[in-house]
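Down below is the structure, laid out as structure tokens.
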Amino acid sequence: MTERVQVGGLQVAKVLFDFVNNEAIPGTGVSADSFWTGAEAVINDLAPKNKALLAKRDDLQAKINGWHQARAGQAHDAAAYKAFLEEIGYLLPEAEDFQAGTQNVDDEIARMAGPQLVVPVMNARFALNASNARWGSLYDALYGTDVISEEGGAEKGKGYNKVRGDKVIAFARAFLDEAAPLESGSHVDATSYSVKNGALVVALKNGSETGLKNAGQFLAFQGDAAKPQAVLLKHNGLHFEIQIDPSSPIGQTDAAGVKDVLMEAALTTIMDCEDSVAAVDADDKVVIYRNWLGLMKGNLAEEVSKGGTTFTRTMNPDRVYTGADGSELTLHGRSLLFVRNVGHLMTNDAILDKHGNEVPEGIQDGLFTSLIAIHNLNGNTSRKNSRTGSVYIVKPKMHGPEEAAFTNELFGRVEDVLGLPRNTLKVGIMDEERRTTVNLKACIKAAKDRVVFINTGFLDRTGDEIHTSMEAGAVVRKGAMKSEKWIGAYENNNVDVGLATGLQGKAQIGKGMWAMPDLMAAMLEQKIGHPLAGANTAWVPSPTAATLHALHYHKVDVFARQAELAKRTPASVDDILTIPLAPNTNWTAEEIKNEVDNNAQGILGYVVRWIDQGVGCSKVPDINDVGLMEDRATLRISSQLLANWLRHGVISQEQVVESLKRMAVVVDRQNASDPSYRPMAPDFDDNVAFQAALELVVEGTKQPNGYTEPVLHRRRREFKAKNGL
């Protein structure tokens, strides 16, 4: 039983109450009494509104299901369907024109373009690594990944391979020639870098000296001007450093003593309380809030063991240079942090209201993550986050403008409880639900003075696409979904609406995740598509990926690209509403088996770690042993696709069960080296994780909007209770 403290009409889990009063509040200037009194009023007033919004979701879904059921066997009538969506209030009239009014936004969001990390804040080591991923070694990112081929004797091996190292150096020099070209000659032929009279001087191997073609790209240096340790350059708004140390192992092999190129990489990071974590009770939530507190106070630390040595990882300090004019120049040493709260769906028993009901988790997150952020606003920190006095909160999984307006209201109420100026709390709107996509302009308008981010999350969005049209017929295979008409229109619409509502210079327009952290050569080739599509940020799965994705923002001037895109014909809502139905379902038995096995394996690989180990985001080997980043969004697609095929008779429940059992053996094998792993086979009936995976598919049509959280949370609590955790 959870030990509770009565606070007014609230029953608060003691572990949360003690954390808030003893750790979160001291140093904020907020009194415990006023906080809890204010929190209770917010909960009493807004929890019923939250509940009503969820009821509306269910009502609209029931009406859409009924419409499709009444037309079973008939060809889809797109015009009648659109008229029906308008009639039931799903598709609203377009909002009148407006411009976002957000103020006090940091440059990393408003005026720069670069990669964005998303990490589970429940994991302190991941959180620290991401915070410190503002700057990343290009040499390490190239040497350690498949960007540099192993052909011609360039294998990674255990020790340093000079053949491979030389390929890395050549790649980096080519980057320097592209991003910071010399007035004459090439960085390839540089023999030294020095600073004279406030300018960068580059000596070449032919004995001549030259400078930068654009002298203004040189900003600053570290060390002695005649023999600097680092030279700071800027291109397309992003910084990078040529690091020089002729005595270092790499510098010794370089004619100019260059040991590395340090890239400004993850400009921003989302510290995630949502899809990448497994938090089901007060104990779990306190782990999340405590790590967020450490980030906001600048004192988060973690013991890390590497290569037999143990050290303490902390948040990096700012970077200090001597500017070209001789004055001191300081650059932010860390990624600018957002915090992603949970959406409106789930409740959590960390707090019970005056009626004994669990309180919506999104309201709890809003109160506690904002309270904690005050430490960073008022200077009670050694590591400043926002320099403009803002708190950046990503709000996921909102359905339509009423829900965005509810978030705006919640944030206003939280500001009042905490004594913060209006619109201190900024909002990032995830465009990952169909009703938000088709009403995106109105959603932004509902939070127009807070909005700092819109982002397409195509994974969740695909899950909602399938569930919304569950009764319309069988959908295409998962791999074919990306080439369906709706998805291109959805991606373009996000950029079109963002630019039309004045987000440029005030907010990020973002794109989704590269989900294959080991396939960096493919990412380098393909992910340039995101800045070319007008996104001034896009998600990456690791600090290394952030360093490499930064190269794309040197190749593409995103803000110039946005100016071009603003002139195109906006995406069509009719295209967005095109349901991804399979034109026919005469797949071969082998094709069906492969699709079912692939999805079943992904579901099990993710769910078993979620339920048994409380891991909400992990690199899960797929059926071909390719590591894929999985979180609840990928689980939502896989489970909904199988539920859809089951609903329309493409597959039987027996096929699902048989595939899950076979794939459980595969997943067990893939996890055999993990000493804490509990095999699912052969005791399937008594294995909580296996039963959770099965339930997600066979009961998939009944899950609210296809979300996986209700099943996962219930089953994780069952596992914890069963094992005394």
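Backbone N, Cα and C atoms are what each Cβ position is placed from, and that goes for glycine too.
Positions annotated as acetyl-CoA binding site by Swiss-Prot, on the basis of sequence analysis: V118, R125, F126, S276, R313, P541. The Cβ of V118 (acetyl-CoA binding site) has T269, I270, D272, S276, R340, M513, W539 as same-chain neighbours under 8 Å, each 6 or more residues away in sequence.
Residues annotated as active site, proton acceptor in Swiss-Prot: R340. The secondary structure of R340 (active site, proton acceptor), as reduced to three states from DSSP, is extended strand.
Here Swiss-Prot flags R340, E432, G457, F458, L459, D460 as glyoxylate binding site, drawing on sequence analysis. The DSSP secondary structure for D460 (glyoxylate binding site) is helix. Of all Cβ atoms in the shown protein chains, 27 besides its own fall within 10 Å of the Cβ of D460 (glyoxylate binding site).
Annotated Mg(2+) binding site per Swiss-Prot: E432, D460, in sequence order, evidence recorded as sequence analysis. Within 10 Å of the Cβ of E432 (glyoxylate binding site) there are 27 other Cβ atoms, across all protein chains.
In the three-state DSSP assignment, the secondary structure recorded for C617 (cysteine sulfenic acid (-SOH)) is coil. Taking all protein chains in view, 25 other C-beta atoms sit within 10 angstroms of the C-beta of C617 (cysteine sulfenic acid (-SOH)). According to Swiss-Prot, the feature cysteine sulfenic acid (-SOH) maps to C617, an assignment based on sequence analysis.
Residues near D631 (active site, proton donor) in space but far in sequence (CB under 8 A, at least 6 apart, same chain), listed by position: D275, S276, L459, Y606, G616, C617. Reduced to three states, the DSSP call for D631 (active site, proton donor) is coil. According to Swiss-Prot, the feature active site, proton donor maps to D631, an assignment based on sequence analysis.
In the structure shown, across all protein chains, R340 is the one of the recorded positions R125, R313, R340 with the greatest number of other Cβ atoms within 10 Å. Cα-Cα distance from F458 (glyoxylate binding site) to R313 (acetyl-CoA binding site): 34 Å (rounded to the nearest whole number).
The maximum pairwise C-alpha distance among V118, R125, F126, S276, R313, P541, the residues recorded as binding acetyl-CoA, is 22 Å. Within the same chain, residues at least 6 positions away in sequence whose Cβ sits under 8 Å from that of G457 (glyoxylate binding site) are P396, M430, D431, E432, G512, A633.
Neighbour density for F458 (glyoxylate binding site): within 10 A of its CB lie 20 other CB atoms from the protein chains shown.
When other Cβ atoms within 10 Å of the Cβ of F126 (acetyl-CoA binding site) are tallied across all protein chains shown, the result is 21. With respect to their backbone Cα atoms, D460 (glyoxylate binding site) and P541 (acetyl-CoA binding site) stand 16 Å from each other.
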